[in-house]
Amino acid sequence: EFKEAFSLFDKDGDGTITTKELGTVMRSLGQNPTEAELQDMINEVDADGNGTIDFPEFLTMMARKMKETDSEEEIREAFRVFDKDGNGFISAAELRHVMTNLGEKLTDEEVDEMIREADIDGDGQVNYEEFVAMMTSK
């Protein structure tokens, strides 16, 4: 997957991509780096500072980025699965199901408490931001 994406943006086939193309490559792989993050990643791997990145450097960079975002993406996917109507909210019952499927062994009381804490406006539903905050707070 990475080699195909890399090759797509290695226009002249010389084994390097320009830093300008990096953002496009990463977005095609489902990443969404900020400009600052792109510059940081480029600086980390572009040893000679010539503005191009070879494939081994690219793999190193993607491995770092994906390790950072893996758990967040897993949470995002879990949220999508149980947000049945795709409206950006999950119900309390759906949340209970999500927690069970993520391997959390919680009592009903514990789940109810999490729902109360996460459900800021008290409408019985939890939006994505609230869900992520709940799942990542320990």
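The chain as shown is numbered from 1 upward.
In case you wondered, yes, glycine gets a Cβ from its N, Cα and C as well.
In the predicted structure, the domain 'EF-hand 1' (1-32) carries a mean pLDDT of 82. The annotation domain 'EF-hand 1' is assigned in Swiss-Prot to 1-32 on the grounds of sequence analysis.
As annotated by Swiss-Prot, Ca(2+) 1 binding site applies to Asp10, Asp12, Asp14, Thr16, Glu21. Take the CB of Asp12 (Ca(2+) 1 binding site) and look out to 10 A: across all protein chains shown you find 6 other CB atoms.
Outside the domain 'EF-hand 2' (33-68), and at least 6 residues removed from its termini, the chain residues within Cβ reach (under 8 Å) are 2-3, 6, 15-19, 22-23, 25-27. The domain 'EF-hand 2' feature in Swiss-Prot is assigned to 33-68; the stated evidence is sequence analysis.
Annotation comment: Swiss-Prot describes Asp46, Asp48, Asn50, Thr52, Glu57 as Ca(2+) 2 binding site, evidence class sequence analysis. A C-beta separation below 8 Å, combined with a sequence spacing of at least six in one chain, links Asp48 (Ca(2+) 2 binding site) to none of the other residues.
The domain 'EF-hand 3' annotation in Swiss-Prot covers 70-105. Residues 30, 111-112, 114-115, 118-119, 124-128, 131-132, 135-136 of the same chain lie 6 or more positions beyond the ends of the domain 'EF-hand 3' (70-105) yet place their CB under 8 Å from a CB of it.
Residues near Glu94 (Ca(2+) 3 binding site) in space but far in sequence (CB under 8 A, at least 6 apart, same chain), listed by position: Phe82, Asp83, Lys84. The feature Ca(2+) 3 binding site is assigned by Swiss-Prot to Asp83, Asp85, Asn87, Glu94.
For 106-138, the entry in Swiss-Prot reads domain 'EF-hand 4'.
The feature Ca(2+) 4 binding site is assigned by Swiss-Prot to Asp119, Asp121, Asp123, Gln125, Glu130, with sequence analysis given as support. Within 10 Å of the C-beta atom of Asp119 (Ca(2+) 4 binding site) sit 19 other C-beta atoms, taking all shown protein chains into account.
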Checklist entry - So of Thr16, Asn87, Gln125, which of the binding-site residues has the fewest other Cβ atoms within 10 Å around its own Cβ? => result Asn87
Item to check | Euclidean distance between Cα atoms of Asn87 (Ca(2+) 3 binding site) and Asp121 (Ca(2+) 4 binding site), Å | outcome: 16
